[in-house]
């Protein structure tokens, strides 16, 4: 039995890649392609079961509210989710307990693994910094992936009793040392020619470790998205991150 899939942000670069991947999958049927200016009611009219959202932080909450209220599962790659937004989504889902929502900062399998590797390495090194690099049209900084990575690193270091990275900086230009995410410095680069890239730099006495992931094409997101589409109907409520779907 095929799953009826809709895509929000269908005319965007990622959206186009996801539409192509859904069309190529034997067990999925692309029934709705919706973008800016199109009616969300298209999903109810076409009997869409799962919607993939790659839109913009400014509109994603309205999209999700509509989908949850209509019992449509959602797989969300749009970034900009903080704790308050996630709690709001949980509130909507409480009134629609059979509906599932997956929100992931990154759907590239390698990126998900790199976040897990960084979490595992965090307690063994004195210093750590995160550098994320993206195309110049990205709306948010730091990226959702970098924000999530820094949070996982900070939690792992706190559990292990590891203190903040040493830093004797006493004067700096505003922003020169990057953003502080739970005690982990995060730096954002925006450069034409890039897609999505991240480095986590660890250092301690006598050695360094670099964990790097590169998405060189937006098709790298498709396997993770399709996994989410296939599984979200079995997981009511809110899932944050692709990790549970990969048994990590």
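From the backbone N, Cα and C atoms, a Cβ is placed for every residue, glycine too.
Database features (Swiss-Prot):
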{"type": "BINDING", "residues": "9, 10, 11, 12, 13, 14, 77, 78, 79, 104, 105, 106, 107", "note": "NAD(+) binding site"}
{"type": "ACT_SITE", "residues": "134", "note": "active site, proton donor/acceptor"}
{"type": "BINDING", "residues": "135, 144, 145", "note": "(S)-2,3,4,5-tetrahydrodipicolinate binding site"}
{"type": "ACT_SITE", "residues": "138", "note": "active site, proton donor"}
Rounded to a whole number of Å, the separation of the Cα atoms of residue 145 ((S)-2,3,4,5-tetrahydrodipicolinate binding site) and residue 11 (NAD(+) binding site) comes to 23
Other than 135, 144, 145, the chain contributes near (S)-2,3,4,5-tetrahydrodipicolinate (Cβ within 8 Å of their centroid) the residues 79, 105, 106, 132, 134, 138, 140, 143, 146, 196, 198
Around the Cβ of residue 9 (NAD(+) binding site), other Cβ atoms found within 10 Å total 25
Ranked by how many other Cβ atoms lie within 10 Å of their Cβ, the recorded positions 134, 135 are led by 134
As a whole number of Å, the Cα atom of residue 13 (NAD(+) binding site) is distant from the Cα atom of the residue listed as 'active site, proton donor' by 12
In all the protein chains shown, the tally of other Cβ atoms within 10 Å of the Cβ of residue 105 (NAD(+) binding site) is 22
For residue 144 ((S)-2,3,4,5-tetrahydrodipicolinate binding site), the same-chain residues 6+ apart in sequence with C-beta under 8 angstroms from its C-beta are 79, 80, 81, 105, 106
In three-state DSSP terms, residue 79 (NAD(+) binding site) is classed as coil
Among the binding-site residues listed as 11, 77, 107, the Cα nearest the Cα of residue 138 (active site, proton donor) belongs to 77
